[in-house]
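In TrEMBL this protein carries:
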DOMAIN    1-105  domain 'Thioredoxin'
SITE      ASP24  site 'Deprotonates C-terminal active site Cys'
ACT_SITE  CYS30  active site, nucleophile
DISULFID  CYS30-CYS33  disulfide bond
SITE      GLY31  site 'Contributes to redox potential value'
SITE      PRO32  site 'Contributes to redox potential value'
ACT_SITE  CYS33  active site, nucleophile
Amino acid sequence: MGKYIELNQTNMEETIKEGVVLVDFWAPWCGPCRMLAPAIDQLAQEFEGKAKICKVNTEAEPDLTAKYEIRSIPTILYFKDGKIVDQTIGATTKAKIEEKLNNLI
């Protein structure tokens, strides 16, 4: 069963360098982030072996948050082979995320 990957300063670069990677920047106190969480969990299962589904807790990882210039949450960055190719800022739907991922695979 697929599970999302919790990213931090140590594993971020290695994780995003290859393939399609979704990174959800979130915080525990963020209502829209909590609403998005079940979709991220489902996507981790559905895209297992096709894309990496990851999360960054902005409270625990302020340096990563600053590095990627995250100004509001939730923000989803889509990487392909280490480069940002798309992003979604604010609440979104699982269907819209799936569409973006499928376009990158």
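Glycine residues also receive a Cβ, built from the backbone N, Cα and C atoms like all the rest.
Under DSSP, the residues of the domain 'Thioredoxin' (1-105) split into helix, strand and coil as follows: 38 helix, 28 strand, 39 coil. Of all the Cβ atoms in the protein chains shown, 9 others lie within 10 Å of the Cβ of GLY31 (site 'Contributes to redox potential value'). By neighbour count, meaning other C-beta atoms within 10 Å, the densest spot among the recorded positions CYS30, CYS33 is CYS33. The distance from the Cα of GLY31 (site 'Contributes to redox potential value') to the Cα of ASP24 (site 'Deprotonates C-terminal active site Cys') comes to 14 Å. Taken together, the residues in the domain 'Thioredoxin' (1-105) have a mean pLDDT of 96 on the 0 to 100 scale. Non-local neighbourhood of ASP24 (site 'Deprotonates C-terminal active site Cys'): TYR4, CYS33, LEU36, ILE40, ILE53, CYS54, LYS55, VAL56, PRO74, THR75, ILE76, each in the same chain, at least six residues away, with C-beta under 8 Å from its C-beta. Neighbour density for PRO32 (site 'Contributes to redox potential value'): within 10 A of its CB lie 14 other CB atoms from the protein chains shown.
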